[in-house]
Each structure stands twice: as structure tokens, then as C-alpha cells.
Amino acid sequence: MYLTFITMIMTLVGTASSASFSAPNKDLMTCTIAVGWMGVALGALSFVALLQLRVYGYINTFIWNRKPTGVYFIAPIIYIISMSILYAILSFVLPLNGGFVYNNITNTCVAQNVIYYIGLTFMIIQTVVLCLLLFKARTIDSCFWEFRKMLLVASVGILFGIIVLAIQHVHFGDDKVAVKGILVIIFTLLPQQVYFYTILGPPVYHLLRHREYYLHEFAAIVEEKGLAHIYELAGGCPLGEISDLSDSGKPYRTTAVNRLSNDSNFSGNEPAPEIGAPLPRNSNPRQSGPLLSYYKSLWNRASRNN
């Protein structure tokens, strides 16, 4: 999540630089660093790559029931950084007629055809890979609709990416360059905003308003679907913690199951279940069971305190 936020900042810097550049040192190297390295390599390409990693983590957890280790961990990491590094190198070594140039008239950094189509090709490849991963992840069974959320983010990203391409090929005139730049910045950053609101929005809202009730509902769904061992596995995924609870910040950074494993008593004299073992099943998990008894006690204490 932190890396994704960094890519958003890099994208903002690069997009703003290409739209209306105002740095005092207006030369080829400045354009290359701001637009090529920060905006594209560390921004847009890295953002799509991190989306791929998140979906790949879902597939490992919910479909393959494993933590990605060894080659399954190293290979995707090498893949996601290779395109960014290659693009950064090409943007630096290509000559003026193929790389970045500074336009003194419009006060912008301009990508020549070669580097422009290289970046576009890399982005198309990344998007196709993301779509293939989403197709693979379509059958996952989870508590927080992880697949639907990532499908929404990917759909918004593809739609706004097409809009950005259309805006870039429309001639606005020299006196409308600022308007064109503003539109490009807005539609470039919107998919990243949608990502943060979609992934972080629900847990942050519930943690601010009624965190114990949110955890109570999470525990009910986990027990009902029998996904305790899956979310325990997701909490330690090296490619990023999977559940919404792990994205919510302190003090709920671990999953509910991990929290429960640290308690020797749920309600009365009932022992806590082992991590990885199926949780008790019953006809109405929101009303009974040792797991929910623990959360009911939390909810009752919170109600009394309020």
C-alpha cells in the first residue's frame, strides 16, 4: 500500500511536468528524470505492476492456498521491475529525435514517437497481464469481494487510460495547453484515487465509526464461509497482506483470526481454536459459537464504554 502511494506521487510529478513544466533548469535531462523516470517508470508502470502483485497475491492465497516463496516470489518481483528499469534506461540513452525534448514555445516536456510508443507498448503489456490475472482470480471465494474491487479498479484504469490517450491526440492550440494538461492529470490520477478509496475506504470508515461491530461482522463471515485458515495465510503473505483488516492500520493490522489466537479464552471457559483449523460451524454464526462469543463480549464492552 505504501509503495502504491509512492507511485501515485511519482505519477503526479511526471504528469504535471509533461503538462506544464516550470523548473528553472529546462533541459533534456530534467525532462527525462521528471517525466521518463518519475512519471512513467516509477509512476504509471509501477502502479499497474503493483496491482498485478496484489491480484497475484489473491490467487496464491485463495486459489492455490500457499504463500508465494522461492521462484514464485522472486519471478514476479523481477518481472515488475524489469519494464520500469528498461524504460528508464531507454528514456536516457535515446537521441533527441527518439527520446524526450523540451518545447520552449508551449513550456512542456514532449515525448518523441520512439519513447512514446515504447511506453505505450509497455503499458499495454502490463494491462493485458493484469487482465489475465483477474481472469484467473475470478473464482476466488473471499469475505470482502477482493476480486470485484480489483476488477473495478482495473476497469476504471483502462477506461481513463483510453481517455488520456484521446486527449493527448486532440489539438487544443497553444493557448489551451494548460487545459489539456489539467485534463491529463485528472484522468491519470483518478484510477489511483479509486484504488485507495476502494481498498482502504470501507475498513477506514468502519474503524472510525464502529470498529468492534466491523470486526464482529468479519468474524461472522469468516466462520460462515470457513475461511479462517485462508485469512490467517493472507496475513503473512510476503507480497502484501490480503484482507481489508490488514490494510486498516493499527491496532488491527493482523487478521481477526491472528488476534483470536493470542487469547486463551473466548467466552467463559471455551478454548481458542488453533490457527489454520476450521472454525466452529453452526446454522447461525452471527448468534452463536465461541468465535462470535468473544466478539459479542467486545461489542458489549464497547457499548457500555460509549
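Just so you know, glycine gets a Cβ as well, placed from its N, Cα and C.
What TrEMBL records for this protein:
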type     : residues : note
COMPBIAS : 259-268  : compositional bias 'Polar residues'
REGION   : 259-290  : region 'Disordered'
SIGNAL   : 1-18     : signal peptide
TRANSMEM : 34-59    : transmembrane segment
TRANSMEM : 71-94    : transmembrane segment
TRANSMEM : 114-135  : transmembrane segment
TRANSMEM : 147-171  : transmembrane segment
TRANSMEM : 177-200  : transmembrane segment
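The listed stretches are 71-94, 114-135, 147-171, 177-200; of these, 71-94 has the most Cβ pairs under 8 Å to the transmembrane segment (34-59). Below 8 angstroms of C-beta separation, residues 36, 40, 44-45, 48-49, 51-52, 55-56, 59, 83, 86-87, 90-91, 94, 97-100, 147, 150-151, 154, 157-158, 161, 165 of the same chain, each at least six residues beyond the ends of the transmembrane segment (114-135), sit close to that stretch.
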